[in-house]
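Record features, source TrEMBL:
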- 15-94: domain 'GST N-terminal' (DOMAIN)
- 101-236: domain 'GST C-terminal' (DOMAIN)
Amino acid sequence: MRERKEKPLMEEENNKVTLHGMWISTYAKKVELALKIKGITFDYVEEDLSNKSSLLLKHNPIYKKVPLLLHRGKPVSESLVILEFIDETWKNLQPLLLPEDPYERATVRLWASYCLQISDTMKKAFISATDVEGGAFDEFFEILKVMEEGMKDFFPGGRSKICAENLGLLDIIIVCSLATYKAAEEVVGMKFLDPEKNPFVYSWVTTLLELPLVKETLPPHDKVVSRLEFIKKNGFRFQSNI
């Protein structure tokens, strides 16, 4: 009887999933959302990037940043790598984050890699909001322009019929990358995502932001505004992995 009781506990421990993240990190939120979409049970560890945990430093000695995923005690780092790891490890769980067709998978990977630039360029634009001629906004808007045209071709029928059961890799990356755009607009008083200039991306992101699963994963608007106002007031630079 005793062995039958211990076996499930051992199996549970062997399959344990732990995510190290930070509440405002767009990269960590991508992984958190993917785990929830797949229905994977996981433990969450909130990291203080000014006082990183010994586990984070031990398991991610190269970059020492979030997100960090531990599965069966083995570490996986870098958000895009983790997202693919999740999809490949739990292939039996729907939805698949990447299409099964090799060409379509390659195309999604290409756009996913490009889309990741949105977070960093948006941060640069926010930091340089008082210096519009500095070029950061131009770079950000150019990336949005390329995404706008590319996604129109990739999703010829549009991306309006979205639910938690059919979210994919690109949905996760675009919504988390632009999750704080409204807060950033409120703090700096400038448009980051314009429905007239980027109608496809705007409609896509706003639809995703209304999904209950996305809402419960992303940080509250007021909390983000408060953090961004603090950053703006104190002139702090974003951590590279936020």
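Each residue, glycine too, has its Cβ placed from N, Cα and C.
Whatever TrEMBL says is automated annotation, not expert-curated.
Summarised by DSSP class, the composition of the domain 'GST N-terminal' (15-94) is 30 helix, 17 strand, 33 coil. Mean pLDDT across the domain 'GST C-terminal' (101-236) comes to 90 in this model. Break the domain 'GST C-terminal' (101-236) down by DSSP state and the numbers are 98 helix, 0 strand, 38 coil.
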